[in-house]
Each structure stands twice: as C-alpha cells, then as structure tokens.
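J.: Structure below; questions to follow.
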Amino acid sequence: MSNLIAVVLTIAYIVFVATLVIKRYNSVFVFMTSGIAVLLGFALITGQSVMGDATTGSAVIDVFAFTADAFSSNASGVGMTLMMVTGYAMYMSHIGASTKLAYLATKPLSKIKNPYIVLSMLFIIGTLLKLVITSHAGLGMLLMAIAFPILTSLGISKLSAVTVLIMCGFVDWGPNDSSAIFAAEEVCGMPMMDYFLTYQGRVAAILIVLCAIFLPTYLSIMDKRDKRLGLDGEIETKAPENVDCPAFYAVLPVIPLVLVTAFSFVPNIKLDVPTANLIGMVFVFVLELIRRKNRKDVTNDFTVILKAMANSFANVVSILIGAAVFAEAIQMLGGITVISNGLATIKSAPIITMVLMSLITFFAGMLLGSGNASWYAFGPLVPNVTAQMGVPAATVALPMQLSAAIGRCMSPVAGVVIALSGMAGLEITDIVRRCAVPAVVMFACNMIVSYIVVML
C-alpha cells in the first residue's frame, strides 16, 4: 500500500480504538479483538504471515497462533513478575506493614509548623513510598488516611492537599513497578536494575526534586487566591490513623527493593524481582507464624497473595497481552514505519520523536486514566522507531513511560482521582483543574531532563 494510505489507516485505527476505550469499553477486549481483525485483514489481503519464518503454514491461523504466543510469553515473562510484585504488595497491606511504613514516615512532619515545607516533604516521602506501594490509587488512599489530616490541620486547603497526594504518584519508577519492568525488559531489552540505575532513577530523582520545589509554590499561590475569593471552604481535621502491628513491620515492604538493589552490586549472583519478592514472602510468613498465636489464620493469608496475583493477571497482565496484539496490528499497517523513516532523515529526529511519542502516552494516560494501558499499547513501537534512527530504545522509551503516569494525574477517569475526590468530598473537575498545571509543568521538565540525562 502507498505510504499515505498506510499512515491514514494507522491513525484511523488508533483513533477508533482510543474512542472505544474512552467510552469505557473493556480495553483488553478492544485491543485484542481489533488487533486480531486488522491482522486477519492483512493476512487475507496480502497473504503475508504475522509470524514470518515461524509460520504454521497458514497466514490466517498464524494470527491466532501469534495471539496465543502473546498469552504465553506475557504471562510467563513480565506477567509473572508483575503478579509476584502485586501479591507481595497486597500481603504487606493485609498485615498492616504498608500502613505502618507510611505512618512512621509521615508522623514526624506534624511537628513542623510551616505548612508548605511539610507539603513538600510529604510529597518527597510519598514518591519514595511509590517505590514499594506501586498502585497509584492504593498509595493515594493510604496517604489520605495518614498525610491528608496533617496537611489540612496546618491550614492547607483540601483541594491542594488532595493535589499533592495525587502528584505523589506522578512517576512510575523502581524495580517493583510494572510499567518500569515492561520498559526495561520488553522495550529496552535490558535488566531492570540496569534500566533503573542508568536511566530511570536519575531522571525520576531530578523530576521529584523539581516537583517538590514547584508544588508548594504553586499550591500556596492557589490557596491564597481561593481564600481571597472565599473558595477555600471549611477545614476538617482528624488524627492520622495508625495500625496495630510492631513498628519494625515498616521495613517489610522494602525487603524486595533492598534485596534487588543490594545484589545488583554482587557480580556472581543474579537476583531478579520475582525471586526477591518470593524471599520476602517466605521471610514474612515465618515472622507471622512466630508473632501470631492463630497460625491457621496465618496460613490462610496465602489466599490474599493468590487473589492479588489473579487480580493482577485480570487487570494488568491481560492489558499487556491485548496491547501486544494491538501493537503488532499497528506495525502491520505500516504507518508508524513510514513516519519513523521520515523522521530519521531529519537532523533532530530523536528529539522530535521523543517529544511526539511522549505526547501520545501523556494524552493517552489522561484520556484512559491508566498509565499502564497507554504505555503498554504504544511502548512496543519504540524499538523499531529508534532502530530507524540508530539510537538506543531508552532515549524514547524512558520519557514515554514517565509521561504516561504524569498524564494520569490529570485524568478525570483515573482511579486515584475518583477515589480521593470521594474521600475528600471534592468535585473531580476541581481536582483535575488543580492537578493540570503541575502535570503539564512536569511533562515539560520530563522532556528536558530526559534529553539531558539520556541523550547528551
């Protein structure tokens, strides 16, 4: 097909799929069925196989064989990592260790009287907690119970307090994060810790510092404006919540992170993320068997892990599978290849591509309310695009991956926005408007910092 037709069909397909997902059709179903339909049409029209030399002998059957391979490869590879991480995180929440960690980390800040210094410090703590509490909504709801009362008791408006708690999840980073694991292992083809230490950790740390400076400045201006206009509302306070478990349980959620980080510096031992989480599970189970009298209840807690892993497959890994078929369909239509070939001839092609691809995941994260859905859908396109330009995949993959999470912070359909608006008794539209400026500023900072750290 001609280059123009390829580009038009590719854009039309992406718009069609995005429209269905925005209308709240099941994203996995839309990704997979639309992808299969496009691949079948391609096979029938051209006679070419989606599987290349690994063909079953029938281009039509190859479409379904490719989809089956997407199930097996994603479920056993990155999918298993995500399920193990989710299982451990849910177990930490179940026994109160995550809440204890957040409580002990934020409690000392209640003694500081300057509200916006506290806000900035709570933001930094929240982003660090994101390393071990990888669910944006889960982290937000946890901080609502612990940090929200501290902020409002110091005179910060409910709207600004909710904004900073949402922005605590503006970077999906660390060895336990599903989108970071996907970026490292599937898109960039490198070990997770190499990706984190070489690229992601450095960029994310700079962005966190910049946001910690920008947020108190911006939110203090907005609070003063609201107070002047009489829009600040009543301040409701209550004591931060604690949980009934030993204080040392606060270290349990970080065990896998510590293990993976420590062994990354040991040359003769390779410890991956699933193994580190399994070691953590066994250690905590032994600890619980010693501490709790009802050992039967301790053994029943294993069901919590299994259910969390099952939910992870249904809600996250399934998106990976559907997105793999969707991405292959986009590749087969050829529009992305035409565009990347055209960009490759431009002197500043990597920079332009980085910005354009990051804008796609940023707006997709905002529209879909999910950083994972947008990143999993468009991330697989990166290796081919960067190969055309002769640059490492990380130069485009890193800012794309981070942009998806930034866009989620200003999404009216994001789980964290919906949950926190209900808990705080605020309108979703007000929260989105308050989060929009920090999100856009951080997107711009992401482009600049990623360019400096990764490309220069």
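Any Cβ shown, glycine's included, is placed from N, Cα and C.
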J.: Between the candidate ranges 164-189, 398-423, where does TrEMBL place the transmembrane segment annotation?
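T.: Of the candidate stretches, TrEMBL labels 398-423 as transmembrane segment.
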J.: Looking at 71-91, 92-112, which stretch does TrEMBL describe as transmembrane segment?
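T.: It is 71-91 that TrEMBL describes as transmembrane segment.
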J.: Under 8 angstroms for C-beta pairs, at least 3 of them, ignoring pairs fewer than 6 apart in sequence. Is the transmembrane segment (29-51) in contact with the transmembrane segment (273-290) by that rule?
T.: no
J.: Report, as numbers and ranges, which residues of the same chain sit near the transmembrane segment (6-22): CB under 8 Å and 6 or more residues beyond its ends.
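T.: For the transmembrane segment (6-22), the nonlocal Cβ contacts are 30-31, 34, 38, 326, 329-330, 333-339, 364, 367-368, 373.
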J.: At a Cβ cut-off of 8 Å, and with pairs 6 or more apart in sequence only, do we get at least 3 pairs between the transmembrane segment (203-221) and the transmembrane segment (247-266), yes or no?
T.: no
J.: Which range out of 116-133, 310-330, 351-378, 398-423, 435-454 gives the transmembrane segment (247-266) the most CB pairs under 8 Å?
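T.: Of the candidates 116-133, 310-330, 351-378, 398-423, 435-454, 116-133 scores highest.
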J.: Should the transmembrane segment (351-378) and the transmembrane segment (71-91) be scored as in contact, given a threshold of at least 3 Cβ pairs under 8 Å and pairs 6 or more apart?
T.: no
J.: When you scan the chain for residues with a C-beta under 8 Å from the transmembrane segment (310-330), skipping those not six or more beyond its ends, what do you find?
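T.: Same-chain residues near the transmembrane segment (310-330) but 6 or more away: 10, 13-14, 17, 27-32, 34-36, 38-39, 42, 50, 66-67, 70-71, 73-75, 78-79, 82-83, 86-87, 178, 182, 336, 370, 372-373, 376-381.
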